[in-house]
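J.: I'd like to ask some things about the structure below.
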Amino acid sequence: INIIYMILLAFLVTFVACNPPPLPLDDIAIEKTFTPDRCDRMVKSGDFVRYHYIGMFPDGKKFDSSYDRSTTYNVFVGQKQLIAGMDKALVGMCVNERWMIKIPPQLAYGKDGYGDNIPPDSILHFDVLMLDIWNTEDKVQIKTYHKPESCGRTVQVSDYIRYHYNGTLLDGTLFDSSHTRMRTYDTYVGIGWLIAGMDQGLLGMCVGEKRIITLPPSLGYGENGDGSDIPAQASLVFDVVLLDLHNPKDEITVEVQSLPDHCPRKSVVGDFMRYHYNGSLLDGTFFDSSYSRNRTYDTYIGKGYVIAGMDQGLLGVCVGEHRRIVIPPHLAYGEEGTGTKIPGSAVLVFDVHIIDFHNPSDTVEITSVKPENCSNNTKRGDFVKYHYNATLMDGTYIGSTHTFGKTYDVVLGAGQVVIGMEQGLIGMCVGEKRKLVIPPHLAYGERGVDGEVPGSAVLVFDVELVDLEEGLPEGYMFVWNSDVTPNLFSEMDKNKDAQVDAAEFSDYILQQVKEGKGRLAPGFDSQRIIENMYDNQDRNKDGRITEDEFKLKADEAAAHDEL
């Protein structure tokens, strides 16, 4: 019996040592098991909180858990909606903070306990994770953490905006993001298209600004949440970057960045224009550039060939001008965008440099400086020698005779230069200087000259006439300076064989020119002219001219080109 008694006593001592009875509590006891690095707000009496908990007895036995119900416990603090110990313990907690709260029976369910779950006089332990805190007095909270240096315009009521956002609960749980969809959220502001808090929180933003907007549930999704990712009574946090902003009443805006010193003409409806541009969205995102293609954009303006805003923005410009044109979407690519680089409802920004423009009705523009003695003027058929410097309208160098140290020599009216140059050289005297502005339809047209002159380019020539040799009457390649001898055929027929061969014909004509009795058309190959004259006289094409074939031009029909 003694042995049995001793074993039983030892067992009881061991049991008591391993499972001591709970110590009595006079007040709540709190063990902080996790404290976040930041605590922007602590629970105060009167706040509404959402938290998860596990309720246990001191021996670790669970009697309740919000996790088991997959929903937070939502309640006002300090308004007797909780047991007294919890009402007291939650004050001072931060979002994402975790506490082990021990509550004595007198601050819990006391001598009565609670149903079958909590016996009388139970000490209760609660493992609490705080997820959300708000107050009925809360308003929208805004924290701007990036603002662009320049902010010419801010969001106002009825503006249409494009923005990206990350949406989280107050504990950081992500519930939505425009970034994951790779598409901005596009909406009107201040007219009820958004939840009330966002309607307020987006006002006053600049394009490029980043802000955090925190909403109480009364300005978010309220008592019911959104039915999926946003729980009831949840504070919401939106991390927003504003990308675009316009109003349906907006027109284009034009900022002139630089003007040339001289602007003799400004663009009008119907002009054809060549310009370079960089195109970007309002937040600076690049979408296109003519520079990257190393080619200007060429188009008529004011005729609907380009988007409406660009049609407007290119009117009234000077050659050489730089301007920025900001175009709202209803004057650009509208709600649909382009489907690739330009999103729907996007404001577009074009930085434009005007290279040249002209009108299809333009003629050659001539500015002249004449010498004191200017009596003999150029006309069709004259052989002229001149120097020139050639550029595009923006000053881009094309070519110059001075580079080679020799004049450019042409016969006017012979199609040896572009039409505009022929027109510009008519009526000049030796020593005269002219500036010729030649539109492309009188120059190299839409195709230009590969590697030298762009298509549809206006050309500028600074010309100086150096020499002038009067041409022959139109239709003549050779004329007599005196009366023609009646023995013309016999004088040509040196060997007196009653026929003139090519050598006899050529020698005779060249001799007349040398002696001043006749003139060949200047500016052409003399031998080629003589060959053509001989061929015209050789009627039967046997390589010889007989006296029957031989005739002067005066005796021929006007279509022929003989002596």
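Quick reminder: no glycine exception, Cβ is built from N, Cα and C everywhere.
According to TrEMBL, the feature domain 'PPIase FKBP-type' maps to 46-134, 158-246, 270-358, 381-469. If you look up TrEMBL, you'll see 480-515, 525-560 marked as domain 'EF-hand'. The signal peptide annotation in TrEMBL covers 1-18.
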J.: So which of 158-246, 270-358, 381-469 is most in touch with the domain 'PPIase FKBP-type' (46-134), counting Cβ pairs under 8 Å?
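T.: The listed stretch sharing the most Cβ pairs with the domain 'PPIase FKBP-type' (46-134) is 158-246.
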J.: Can you give me the average pLDDT across the domain 'PPIase FKBP-type' (270-358), rounded to a whole number?
T.: 96
J.: Please list the DSSP helix, strand and coil residue counts for the domain 'PPIase FKBP-type' (46-134).
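T.: Helix, strand, coil within the domain 'PPIase FKBP-type' (46-134): 12 helix, 37 strand, 40 coil.
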J.: Determine how many residues of the domain 'PPIase FKBP-type' (381-469) DSSP places in helix, in strand and in coil.
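T.: DSSP classes over the domain 'PPIase FKBP-type' (381-469) add up to 13 helix, 37 strand, 39 coil.
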J.: Taking helix as H, G and I and strand as E and B in DSSP, count the residues of the domain 'PPIase FKBP-type' (270-358) in helix, strand and coil.
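T.: Its residues divide into 12 helix, 35 strand, 42 coil.
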